[in-house]
Each structure stands twice: as C-alpha cells, then as structure tokens.
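Q: Would you mind keeping the following structure in view while I ask a few things?
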Amino acid sequence: MSETTSTREEKKPPLNGRRALPPNNSNDEENEVPEVDPFGLIPRGFNPTDYLRVVDIYMFKEPHEINKQQHHTDKYYNPKLIVRRGQPFQIQIDFNRPYRPETDQFWLEYLMGRYPQQNKGTYIPIIVGNVLKPGEWGAKITHRENNSIRLSIMSSATCIIGKFRLYVAVWTPFAILRTRRNPATDTYILFNPWCQKDAVYLDDEKEREEYVLNDVGIVFHGNVEDVKSRSWSYGQFEENILDACLFLMDKAELELSGRGNPIKICRVASAVINSRDDNGVIAGSWNNSYDYGVAPSAWTGSVDILLEYYSSKQPVRYGQCWVFAGVFNTFLRCLGIPARLITNYSSAHDNNANLRLDFFLDDEGKVDTRLTKDSVWNYHCWNEAWMTRPDLPVGFGGWQVVDGTPQETSDGMYRCGPASVQAIKHGHVCFQFDAPFVYAEVNSDIFFSRMEKNGTQVVEKIDTTHIGQLIVTKEVGGDGMVEITEEYKFREGSDEERLALETAVMYGVKKQTTRDTTYQPQTDVDMDFQVQKAVLGNDFKVTITFRNRSRNSYTATTYLSGNIVFYTGVPKSEFKKHSFSAKLEPSSSSSFDVVIKASEYMSDLLEQASFHFFVTARINETGKILAMQKATILEIPTLRIKTKGELVAGKEMSVIVEFTNPLKQTLENVTLRLEGPGVLRTIKKEFRSIPMNSTLTWEVKCIPMRPGLRKLIASLNCDALRHVYGELNVQIQKP
C-alpha cells in the first residue's frame, strides 16, 4: 500500500512523551461532544425534558439577511453563516418555553478540530452577559419574545480563522444538556479588514472593495517596452472555494491555534501553493511541454485549479508565475486578507543572491551559455498581502511580499515571504522573511564580462538600471495599470538609493565589488538598438545605431544574435546570427538595419512569442567592446467576445467567441476556455483545426446568476499559438 493511500489511523503520529495531545491541525476533523454531560450519578427521576430545551437555532445566514450584509460576506456561494472576526453578528434561539434569566442558565460553545482546547482558541465557551466588549468574545440578549431570544455575539479580533461548530449548552442540577451536532449551524469566521483591531485592518473603503471583494483582476505581462495585460478570474466567492482554501491550511499542517495570524498563514500558504516538497496545489513547468496537463497560458482563473486540487488532493498541472500568483490571491482574498497581484519587469533570478547577474561573453562577443548561470525574467508575478507586523520594529507593517512560485528554498522549503515592502525599499533586509531574495529581484546589476586566456575576468559593461525598472499592479476600481516602483526602491541614482544599497550590503546582501575584475568602460562611441513592433507571423527589423563622439574614424565589427526565450529569460534556441562591419565617421551617428524574417523564427516559437536580442560590437582600432541586450514580444492576435440576448440575472443569454487565424499555417488541436464569475462556470471546447485566415465562432448559452458589472474571460490554446486572450465587461441587470 502506498504512503498516500494508507488509512487515517496509520498516519496518526504516535503519542510521544512531549505532548499530551496529538497535533490539532485539521479544520475538518471533529470530536464527539456528549449531549448529556452528567456531573456524577444521575438520580432516577431525572427527566431532561423538564428543563429548558433548545428547539431550534436560526442563524440569519441568507445573503440578503443582516449577518452576511453587515459582514460583507453576501457574495460567498455558501449556505452556511460566514462572518468576520471582531464584529457582532446575530442568532436566534427558540426554546421549548420562555427563557427565565433568574433560574435558567445556558451558554454557547464554539469548537474547532479534533482536540478543542480553551487555551488554544479551539474551544470557546461564551457566557451571555449584559455588555459586549469590542474585539472580545461575548454575547448579550437583544430581544426576547415568547419562547425565543435573539443574541448579539461578538467574536475576538484575534480569533482563529476557519469553520467552527456551534453547540448551545443548558445547565441543570445534575448534568449539562447540549444541542445535537448540527452542520447547519456551522459558522465560518474570517479575517476582518473593516475592524480596527484586526491585524489586516485597511482603512480605505475603495481599497477594501478592490483588494478583498473584487473577484476578477488583471495580470500584467509582456516586457518593459511592451506591457501587456490579461484578466484573471479569482472567483474567491464561488462554490466550495472557501472550503478548498481552508483545506490548504490543513494540507500545510498549520496548527489550528496559529490560524489567527496572517503572517503564519502567508508563510505556509506560499509553500503549499506550489507542489515542490509538499505536494502542493500547482506543479510548475517552464519547458514548453505540457503533457498530461493544461498549459499555464490556458487557465483563465483560479477556481478550476483549486477545485481540482480539493477533490484530487494531487498537484494540478501546470503553472508559471502568474498562475501561482493568481491562485495565491484567491486564497488570501477568500480568507479576508487584503491582497493584490504585482508584476516586476526585468526580474533578476540570481543564483547566489549577490546583487549581480553575470553574463559572460565569448571572443565573438556572444553570450557564453556554458558560463552564464543567472537569468533575467521578462517579468515575474508575486503577491502583496496587507497586515501589521508585530514581529518587526514599528513601520514595517502594510504591504508584504509573498510569492508562491518555486524559485529558491527558504528554511528548507520552496516559499517566499512575507517580506515587508518598506524594509526592501530602505535596504533593511535583516527582517524576516526572505527580504534579501526580493531585494535582489528588484535591485541587481548586470555585468557583461569576458574571460581572458589567462583566466582574468574583464568587465566590458555594467548595466545598473535594467533590473526591476518597472513594478506595477492593477489600479483600484478600474482595469488600468498603476506603477508602484517607488514603493520598492528610491529613484535610480539618488542619494537615498545608494544609502539603501549600503544598508542592504551591511545587513548581509552579498555585493561583489568591481575591484577583483578589470573594468574599463568605452566612452567615445555609444551604441543602441531598437526593435520594430511586429505582429506574430510578419517580418520586422532591428535598427542598430552608433554615435561616434571622437574625432577618429572607426570600424566596428558588429554581431547580432536573436534568441527565442522563455519569459524567464532562459534561451531555447538561436534563430538569427548576423554580423557586419560598420564604418563610423568622426563626430556623427550612423544606423544599420537587420531584417528578421517570419520564416526564421516561426518554427521555433515559444508560447509567449518572446525574443531576446544581443548586439555586441568590437571597435577594431581600440579593441573595446560595446554590448547591449533587449527583450521584445510579438503582438499576438486576440479573441473577440460578444453577447446576444437580454443581459438579465436569471434569464438565458448567449456568449459568442470569435477568432481569426492570422498565421500562415493551420492550427491543430485547439482548446478554447470561457469563464465569468457570477455569469458562467468555466466551459472548455476542443476544435480539431483552424485553417489559415479562417474564422472560428463558438456560441455558449448561459444563465447569469448575479446582477452588476461582470467580466467574461476567454483563452485559446494550441501547440503553435498560446497566450491568446479576450475579455468583455458585461452589465447584468436585476430581473
């Protein structure tokens, strides 16, 4: 029998001498709670029905009722009561007779997990009192009528997050009588960004609506010169997603008592979002072959991924950085932690965290792939979660970087964060967790070096501005982009920036000096190149410009290398080599065009249509080398989405997706996906082939459930063409 299929009994750890109870880290498991809890021997004539008895408990748990309205949980597609901590909610108890406060005594009990304990916050008895203290557990009667009472219950602003079981206990002289286990009274308690005493309190209502309640978002991708965007459906309110998110914490074996702390939750979640070392949610794949799984670019949102993982308990294939970040964002927003998805353009993946990426050039001026280990990702997505940091000095709360993409291990697992954005900006990278790694992602320098025959390393060029030059997120309340580079770093070249760097170095970020290498920059000739914007399947040109500032004539032996790269900057193949001799007249500029033909790149193209060009030139007269590199992306065709019929909640409507194949080849085995939270669940359809220049039309009928502004998102995927998206905002009317 394999390890995973063995029974629960076998997996339970043996009791050891160190702890009286086994670990309590599953929100799903329950203990037996006695309905009659005797104080000793019960006399023969004792009849429990003589005493106050609970007939019914009414939870006010419908979306339109007071609890879900006041707690901003009315969007959850879940029949049970969902409230946020530190804020009062109402329930009604019907007894078998009127309640008499003089003689009757009852209390409430909230329990979680298999081994509820009061000091761990997993067993919470609540005596009914006269007054509610803000942010502390308590209950008071607000209304009495006939056999019913209405209670206002306050939960603690630090209580653990998850699903509690509710019992009402009545005291009698000989025993405690409890209500029977009733799943309908289960109560989910979530983080509360509306509550000042909560660690995730956010004081701006518009930001709360965006970072907690918005169930769609934007992923920015592409590269610095060519920012592209696509929508992502977070779907944190969809059916079973809340349970799936709670299951992730069980999977990560986070003690129930630690689940009130957003720092701990983010730390374990950043590990369990990826499948490395713990069989987590998503298996990453960066090698362009996605057998037995879904290509990362085909996903349109998080719901399918989380539900598949929740039912199969096996990693879902496949993801890349925006997929990890999209699912992580769903998890955080679902539990009530304000969160947003961030894109860092030209993100350094530095294998030894020394703030320096080494690109080695060979004698021709080409990058030597054998020696070059570091890479620059065109972009990298991570998340920010909003919380206080009582574990750090004052001033480091607020946005924290968390990253579920498996890049490097932290404390022995693939995870990253939470790292304070403020600490990264000021170079205080000594504060937990993983700040040096994030600091390097946004601040490294690129060194272009050559190895001389005698083994010395000659630095030809240092580029201090390429890495982390643009950091963005979606704007609050709209689909636009807002730049937040200034939140991560001071302006390039400013005194504050140098100071932050020196601070980071003092705190142990390794920074190699240039002393151990010779560096003589070229001064009298400048070189730059531009890549023409091009549509996939067309020719385009690269223009190389020299500016000779000296009074001498020079000839430059120039070499252009075009590589098809993964968005992680790792080259797949060189598709273009071109060298020529350029004559540079004194005190003048000259430009040279190199044409790139579609036939040269189409056969090897990867899914993000990403190219990387290196141009190196040797000035023959002086022996100096000029080097420059740039990434570029082709324009990919989009899907068109239209609707037909009335857009009214509860009425049937049609969604039409159209796509015209622009390539000079037939597309084979094409998959389309369409989804829209509140309008339709994800639908997939396969098409055998789409001939060149022909248009495919796909019509889907659906019944939208929720009124309001909704977003439809579609993707098209096949081996020859990926990252094809379309989206449409639709206003669904009330019936």
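The first residue you see is number 1, and the count goes up from there.
Just so you know, glycine gets a Cβ as well, placed from its N, Cα and C.
Summarising the annotation, TrEMBL assigns active site to Cys321, His380, Asp403. The Ca(2+) binding site annotation in TrEMBL covers Asn443, Asp445, Glu492, Glu497. Residues or ranges marked as compositional bias 'Basic and acidic residues' by TrEMBL: 1-13. Summarising the annotation, TrEMBL assigns domain 'Transglutaminase-like' to 313-406. Summarising the annotation, TrEMBL assigns region 'Disordered' to 1-38.
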Q: Taking the centroid of the Cβ atoms of Asn443, Asp445, Glu492, Glu497 (Ca(2+) site), which other same-chain residues have Cβ within 8 Å of it?
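A: For the Ca(2+) site, the extra neighbours are Thr464, Thr465, Ile467, Gly468, Lys489, Gly493, Leu501.
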Q: Between Asp445 (Ca(2+) binding site) and Cys321 (active site), what is the CA-CA distance rounded to a whole number of Å?
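A: It is 22 Å, counting Cα to Cα.
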Q: Can you tell which of the active-site residues Cys321, His380, Asp403 lies nearest to Glu492 (Ca(2+) binding site) in space, using Cα positions?
A: His380
Q: Using a Cβ-Cβ cut-off under 8 angstroms and a sequence gap of six or more, which residues of the chain neighbour Asp403 (active site)?
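A: Same-chain residues close to Asp403 (active site) (Cβ under 8 Å, separated by 6 or more) are Ser270, Phe324, Ala325, Trp382, Asn383, Arg415, Cys416, Gly417, Val438.
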Q: Among the binding-site residues Asp445, Glu492, Glu497, which residue has the fewest other Cβ atoms within 10 Å of its own Cβ?
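A: With the binding-site residues Asp445, Glu492, Glu497, fewest surrounding Cβ atoms within 10 Å: Glu492.
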Q: For His380 (active site), which residues of its chain lie six or more apart in sequence with Cβ-Cβ distance below 8 Å?
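A: Non-local contacts for His380 (active site): Cys321, Thr343, Asn344, Ser347, His349, Thr405, Glu441.
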Q: Are there residues of the same chain, six or more positions away from Asn443 (Ca(2+) binding site), whose CB falls under 8 angstroms from its CB, and which are they?
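A: Within the chain, Asn443 (Ca(2+) binding site) has Cβ neighbours under 8 Å at Ala348, Leu355, Ile467, Gly468, Lys489, Leu501, Ala504.
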Q: When DSSP states are grouped into helix, strand and coil, how many residues of the domain 'Transglutaminase-like' (313-406) land in each?
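A: Tallied per class, the domain 'Transglutaminase-like' (313-406) gives 15 helix, 41 strand, 38 coil.
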Q: Just to be sure I understand the packing, how many Cβ atoms besides its own are within 10 Å of the Cβ of Cys321 (active site)?
A: 27
Q: I'd like to know the mean pLDDT over the domain 'Transglutaminase-like' (313-406).
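A: A mean pLDDT of 90 is what the predicted model shows over the domain 'Transglutaminase-like' (313-406).
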